[in-house]
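This report concerns only the one structure given below.
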Amino acid sequence: MTQETALLPTSPVAGDDHVPLRKVFVKTYGCQMNVYDSDRMSDALARDGYVATDAVEDADFVLLNTCHIREKAAEKVYSELGRLRELKKARASEGREMVIGVAGCVAQAEGDEILRRAPAVDLVIGPQTYHRLPEALKRARRGERVVETDYAIEDKFEHLPAPDRAKTRARGVTAFLTVQEGCDKFCTFCVVPYTRGAEVSRPVAQILAEAEKLVEGGVREITLLGQNVNAWHGTGPDGRDCGLGDLLRHLGEIDGLARLRYTTSHPRDMDDSLIEAHRSMAKLMPYLHLPVQSGSDRILKAMNRRHTAAEYLALIDRIRAAQPDLALSGDFIVGFPGETEEDFEDTMRLVESVGYAQAFSFKYSSRPGTPGAELTGQVAEDVKAKRLERLLNLLTRQQREFAASCVGREIDVLLEKPGRLAGQLVGRSPWLQPVNIDAKQSQIGDIIRVRITKAGPNSLFAEMVG
Ligand code: 5AD
Ligand code: SF4
């Protein structure tokens, strides 16, 4: 460092000398892909001198990264926009600007309808055009009401900044990396094929370069993301077609990268090469999120899942044969149109026979534009609520049983962040459970051997061994 640069202020400065420092507040709803996207958008804005703030009232730009998967998720956004309208007025009365932007799946699905329903919104941007956000924001600041929801022809990942080393460090030792986006499966309940578009895989070299950058920034564990992550496909360095199993093997060669995960998978795309990766790759964590949605063949067919309950169970047997330590997680929908008590009992039976370590269950929510919304036999809300409660009870019991089965085991834990008590850290088990342990701050990022001593409702407790 030269004398001159050492004299510069240490606080962050805008990329352009003429642009004063501005603050952005990003609120993320929904899935992990939105978390990843929010970070990428923040990184893109940082190049224009925007720094992140946790205080919405201080923000010059408020960006909601939204989710459209169920009605409740979408409605939350509009109530938040109502609150922001008041804040924007209050700031305007002090002569300060507040630009309000909506990104994510609500933006893609509803487009300029949002501008009509929420007059305080200045900017609507869909997931395929995030690389255009800095430019769109400039236009919005000049008074234009901007809607960017076209599917861009250019590759947004080429234009978004790669993760920055300092920011990666601040974000911690685990990271998400989107490798695939969109979905061609068209399950009849789901908006994703409409909001995120057709299935697209990022090229191998781009993914490897991003993973290496993350590892340089101190990341030890990467979770590959995609709406249908196991449909990812590309061309390997040898010029041959490859699938997710091969991609994981390439990533496994990065020094310093200790753990790999991927989510979300479709049962139809669990191929032999991926199952083999679970057998042979120690870095690939023995945990799999494999949604089935229902245990009834009739309902699976109506959902266009294109497999039966028996096929799902047989697949799980094959994966467990390759990796006996595998813990499973799933998604379930109760009250899909036409679901009878008997269909629901089939779901309960399937859950009993699989035994999930974790699961997410939802009441069916009719989404405009999906085939499910047109079906007759919509199930009454109180019936859905009762079924959901029964399913949740069973899944919670299974989750507790799984946690209890960990007590007494010796396992590896990746130390992630400070715990609630002084002198404690929180780490992750191979099965994604938070683990509380006495350890020093300087050990964050280490993988240590521990013995599980106790299982709490949402986390495990452990002591170091050796
Ligand atoms: N209603 C309820 N749940 C849904 N999901 C997707 N669409 C709907 C819907 N219309 C659930 C599925 C999916 C998860 C991400 O959200 O279980 O796997
Ligand atoms: Fe939606 Fe089905 Fe695609 Fe998953 S596989 S994103 S549930 S359409």
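Glycine residues also receive a Cβ, built from the backbone N, Cα and C atoms like all the rest.
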Which one, Cys31, Cys183, is listed by TrEMBL in the same [4Fe-4S] cluster 1 site as Cys67, Cys105?
Cys31
Spatially, which candidate from the binding-site residues Cys183, Cys187, Cys190 is nearest to Cys67 ([4Fe-4S] cluster 1 binding site), comparing Cα atoms?
Cys190
Where Cys190 ([4Fe-4S] cluster 2 binding site) falls in three-state DSSP terms:
coil
State the count of C-beta atoms found within 10 angstroms of the C-beta of Cys105 ([4Fe-4S] cluster 1 binding site), not counting that atom itself.
27
Quick one: give me the count of other CB atoms within 10 A of the CB of Cys183 ([4Fe-4S] cluster 2 binding site).
23
Compute the mean position of the Cβ atoms of Cys183, Cys187, Cys190, which form the recorded [4Fe-4S] cluster 2 site, and then list in sequence order the other residues of that chain whose Cβ is within 8 Å of it.
Lys185, Phe186, Phe189, Val191, Val192, Pro193, Gln227
Expressed to the nearest Å, what is the distance separating Cys105 ([4Fe-4S] cluster 1 binding site) and Cys187 ([4Fe-4S] cluster 2 binding site) at their Cα atoms?
17
Given a separation of at least six residues and a C-beta threshold under 8 Å, show me what packs close to Cys190 ([4Fe-4S] cluster 2 binding site) in the same chain.
Ile69, Cys183, Arg367, Thr370
Inter-residue C-alpha distance, Cys31 ([4Fe-4S] cluster 1 binding site) and Cys187 ([4Fe-4S] cluster 2 binding site) (nearest angstrom):
18
